[in-house]
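Heads up, the thing below is written out as structure tokens.
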Amino acid sequence: MITVNEHYSKLQASYLFVTIARKIKDFQEQHPDVDLIKLGIGDVTKPLPSACIDAFKKGVEEMADEKSFRGYGPEQGYSFLREAIARNDFRDLGIEAEDIFISDGAKCDTGNFQELFSTNSRVAIPDPVYPVYVDTNVMAGRSGVWKDGRYEGLHYLEANSENAFIPAPLNEKVDLIYLCFPNNPTGQVASHDQLARWVEYARENKALILFDAAYETFIRDDSLPRSIYEIPGAREVAVEFRSFSKTAGFTGTRCAFTVVPRECRAYTSDGEAVNLQPMWNRRHSTKFNGVSYPVQRAAEAVYSPEGKKQVRELSDYYLGNAAIIRKNMEALGFTCIGGENSPYIWVDGRRDSWDFFDLLLSAGVVVTPGSGFGRCGEGYIRISAFNDREKVLAAMERIKSSLA
Ligand SMILES: *Cc1c(COP(=O)(O)O)cnc(C)c1O
């Protein structure tokens, strides 16, 4: 008899996006002439930078010619891309091309990495959270059942106004820690000192940090760390995930990478250190056959002089939207975080998240209710800056008049 992985039955239906979709549908049926403005999704709206498009096209041309055609490439990614990343993103941080694994997305990588660890690892997950970290650990059997809005057996790192949405290490012992800065959904960014406390915790407790830096490109404050490897000692205890999705508009093109430093380690049950890089290399090359050649060429172009300029313009544009959103929401008396080194603005609605969602929907603006990201998101909404400037301005006018 073929039996199923019953851990899947613990998973909660994606209540958040299903409910949002249903509410939007109901609203549109009742108000067919309202053109809704969507500031809810975590997807970019601007096209790929022209430097990437040119390199992408050239890559396609090479595939058309027998002399330059390429079949399977290295599973870990072409060295032209791994080297460009090491040189540009991790200069002076002790990270080299061999530490970098190219993939088709940070979603897959943050979801897959937990495979390297035993089922009884104790997992710490932020609340509110990007749901991939939670669900993949539930599927793997690292949680108990869903009860009162949380999975039993997981350790929740509560982010709230008391800790400025940056959870500090717990007093209890955990083995695997997920952190994301700049954060989705809160837009908050951890300082050097705050990350250093986590690195110290991981070193003392022989734990591992999985650091999601998908929004690194939005950091403008030079005092904030862009990579966890800016913290001394992090290379032994942290894996970092990055993506071209939000940086350069690759959400539909697919290219990302994971950094697993040579020094990074976990342990056998006898306490013997095991390097994670060969393990991830084995996992990645067994289950993945590489990102397409033209896409890797397009990603490489992000690091060309033209590409750097264009990518900067892209993130400046979204950050301009974010500043407008934050300024307007604050002018209406709401306390906000994020939106400064992040494309997300986390707004204290001073009421139930869904009530606020409904109110803004009736004004013609779609946002995301914070409660959908975890219990600590109750009372908040997330507003995304990924949209056109005119739409953002129009949305702010609609919100203003509906709250007046
Ligand atoms: C968008 C996003 C990613 C990137 O995912 P890709 O699969 O690379 O598109 C990763 N982490 C977080 C928190 C995100 O919001």
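In case you wondered, yes, glycine gets a Cβ from its N, Cα and C as well.
Heads up, TrEMBL stuff is auto-annotated, nobody curated it.
Site annotation for pyridoxal 5'-phosphate in TrEMBL covers Y72, A106, K107, N184, Y215, S243, F244, S245, R254, N289, and the matching candidate from Y130, Y229, Y303 is Y130. Residues near N289 (substrate binding site) in space but far in sequence (CB under 8 A, at least 6 apart, same chain), listed by position: Y72, E75. When the binding-site residues G42, N184, R382 are compared by Cα distance to S245 (pyridoxal 5'-phosphate binding site), the shortest distance belongs to G42. The distance from the Cα of Y15 (substrate binding site) to the Cα of S243 (pyridoxal 5'-phosphate binding site) comes to 26 Å.
Spatially close to K246 (N6-(pyridoxal phosphate)lysine) yet at least six residues away along the chain are V44, A214, Y215, T217, F218, P343, judged by Cβ distances under 8 angstroms.
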